[in-house]
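Engineer: Reproduced below are the annotations present in Swiss-Prot:
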type	residues	note
ACT_SITE	GLU332	active site, proton donor
DISULFID	CYS295-CYS337	disulfide bond
DISULFID	CYS511-CYS538	disulfide bond
CARBOHYD	ASN44	N-linked glycosylation site
CARBOHYD	ASN304	N-linked glycosylation site
CARBOHYD	ASN340	N-linked glycosylation site
CARBOHYD	ASN352	N-linked glycosylation site
CARBOHYD	ASN497	N-linked glycosylation site
SIGNAL	1-20	signal peptide
Amino acid sequence: MSTNLLRLILLFITLSITSSLSTPSPADSPPYLWPLPAEFSFGNETLSVDPTVTLIVAGNGGGSLIIRAAFDRYMGIIFKHASGRGSLLSRIRFLKMVEYDITSLKIVVHSDSEELQLGVDESYTLMVSKKNEQSIVGAATIEANTVYGALRGLETFSQLCAFDYITKSVQIYKAPWYIQDKPRFGYRGLLIDTSRHYLPIDVIKQIIESMSFAKLNVLHWHIVDEQSFPLETPTYPNLWKGAYSRWERYTVEDASEIVRFAKMRGINVMAEVDVPGHAESWGTGYPDLWPSLSCREPLDVTKNFTFDVISGILADMRKIFPFELFHLGGDEVNTDCWKNTTHVKEWLQGRNFTTKDAYKYFVLRAQQIAISKNWTPVNWEETFSSFGKDLDPRTVIQNWLVSDICQKAVAKGFRCIFSNQGYWYLDHLDVPWEEVYNTEPLNGIEDPSLQKLVIGGEVCMWGETADTSVVLQTIWPRAAAAAERMWSTREAVSKGNITLTALPRLHYFRCLLNNRGVPAAPVDNFYARRPPLGPGSCYAQ
């Protein structure tokens with residue numbers, strides 16, 4: 001067990017003795033950081049932070065607009081109270097030369113590249129100390145190889161800062177701090193589903209913003225499904241006739257803005273177009289995509305037009321989504337009506353195909369379309385289970401149904417994303433945070449070379465029973481449990497009693513989300529997203 005983790009456990013034991021008497025006070029409790037950094041040390045000092053703290057940048061990437069925008073964003077979070085940054089009181093304090101321990105934040109970024117792809121370096125070092133004989137001015141310093149590592153460091157810095165209601169100032173407890181941090185997995189995702197229920201642009205942005213607080217880095221956008229097709233596709237403009245209404249749609253500009261907004265927070269957007277099943281809505285605008293009026297999905301495998309439409313959709317989407325991964329679905333394909341539709345049945349017989357052969361033909365042809373547009377295909381696990389040896393070797397398999405699929409996929413040389421429905425499907429409201437937290441993506445995979453093929457994991461917010469009114473409180477705080485599992489070291493999340501090492505911090509993180517305007521539900525809910533049963537502190541629900 002690491003020294004840092006042991007120190008935390010001892011501190012949490014102390015906290016648990018007094019937690020029934022009062023709510024946590026940052027000054028009297030261990031560091032409430034989420035997710036837990038890889039390596040860190042801290043002391044016992046309390047430092048004050050100047051509300052006019054200045055940004056100092058250095059390195060090839062220090063001048064990035066991403067850094068400047070993030071600094072301004074986080075200063076608004078840290079100094080949001082009336083006596084905070086930009087307020088009259090802060091200006092008076094400045095004029096009176098009130099002395100603060102932390103007066104500047106230095107951000108050093110070594111690379112000037114802002115390319116955001118799978119595996120981008122998100123490591124950072126954060127140092128916070130007061131002025132002393134060697135330092136005339138107190139400072140905090142974040143050093144990172146990329147702007148995206150600096151973003152993660154800014155989030156950690158913001159979590160160290162707490163507003164003191166007595167002194168009406170922002171303070172950092174347990175200083176000095178030295179943190180060296182990096183993620184365990186390069187892919188840490190959250191799926192949203194805008195087909196089952198339309199989510200307005202501002203709600204999607206709020207989800208993305210909240211993801212950045214937990215250091216998640218991939219938004220898996222399940223844009224379309226059998227119920228609705230809300231996205232504008234200029235090459236085939238009738239497709240979005242499959243939207244629920246004229247007002248529940250996304251323009252090309254909307255989608256581009258979501259991608260831009262996400263990139264500013266170090267988050268990739270992976271789009272999904274699920275084929276050949278889950279596609280009934282396509283035929284609202286183009287009925288020829290249906291095998292027949294009584295067989296509306298899977299899509300018609302016999303027609304070149306079907307694949308022309310897929311190619312057109314992907315060509316349009318390639319202009320919007322720069323991320324190297326593109327999800328082609330391929331799950332839950334019921335082919336019964338293919339064999340009961342005359343022209344499809346004749347097509348199958350002419351090629352000596354079974355319906356399973358036709359399913360494989362469809363998936364592989366769709367993969368080649370995606371690859372031709374410089375995308376790496378991602379498919380749900382049924383494609384691997386049904387015809388894994390025929391999939392393109394570049395395919396990333398996403399697990400959802402069978403617990404050992406990642407074990408089997410990596411053994412065959414495929415990369416895998418873990419998102420087992422029993423634990424990481426957020427629409428399963430009866431799964432408590434403990435089960436989410438304790439679920440390990442690498443279980444059963446002992447070979448380090450195969451472990452590397454599990455690129456990460458994803459919690460899935462399927463939309464059948466979640467719309468704008470409840471989506472954020474269904475996501476949070478349970479998504480945070482998976483976020484720490486994917487970011488922090490395996491040792492840190494697997495050792496000790498999580499009611500001591502994780503629960504107090506998760507309570508605090510839930511309240512942090514609430515304070516930042518995210519309606520995260522109580523941690524100790526028997527059913528997710530249920531409101532509190534009675535009065536009480538945010539830190540004890």
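Including glycine, each Cβ sits where the backbone N, Cα and C put it.
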Engineer: Specify the count of other C-beta atoms within 10 Å of the C-beta of CYS511 (disulfide bond).
Structural biologist: 21
Engineer: Measuring Cα to Cα, tell me the gap between ASN304 (N-linked glycosylation site) and CYS538 (disulfide bond) in whole angstrom.
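Structural biologist: Roughly 57 Å, rounded to the nearest whole number.
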Engineer: If you measure from the C-alpha of ASN340 (N-linked glycosylation site), which of the recorded positions GLU332, ASN352, ASN497 fall inside 10 Å?
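Structural biologist: Matched recorded positions: none.
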Engineer: Can you check what DSSP calls CYS538 (disulfide bond), collapsed to helix, strand or coil?
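Structural biologist: Its secondary structure by DSSP: helix.
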Engineer: Quiz question: given the glycosylation sites ASN44, ASN304, ASN497, which has the greatest number of C-beta atoms lying within 10 angstroms of its own C-beta?
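Structural biologist: Output for this query is ASN497.
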Engineer: To which of the glycosylation sites ASN340, ASN352 does the lowest count of other Cβ atoms within 10 Å belong?
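Structural biologist: Selected from the glycosylation sites ASN340, ASN352 on minimum Cβ neighbours within 10 Å: ASN352.
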Engineer: CYS337 (disulfide bond) to ASN352 (N-linked glycosylation site): how many Å between their Cα atoms?
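Structural biologist: For CYS337 (disulfide bond) versus ASN352 (N-linked glycosylation site), the Cα atoms are 17 Å apart.
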Engineer: Rounded to an integer, what is the Cα-Cα distance in Å between ASN44 (N-linked glycosylation site) and CYS511 (disulfide bond)?
Structural biologist: 24
Engineer: What is the number of other Cβ atoms found within 10 Å of the Cβ of CYS295 (disulfide bond)?
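Structural biologist: Counting Cβ neighbours of CYS295 (disulfide bond) within 10 Å gives 16.
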Engineer: Hey, does DSSP put CYS295 (disulfide bond) in a helix, a strand, or just coil?
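Structural biologist: SS state of CYS295 (disulfide bond) = strand.
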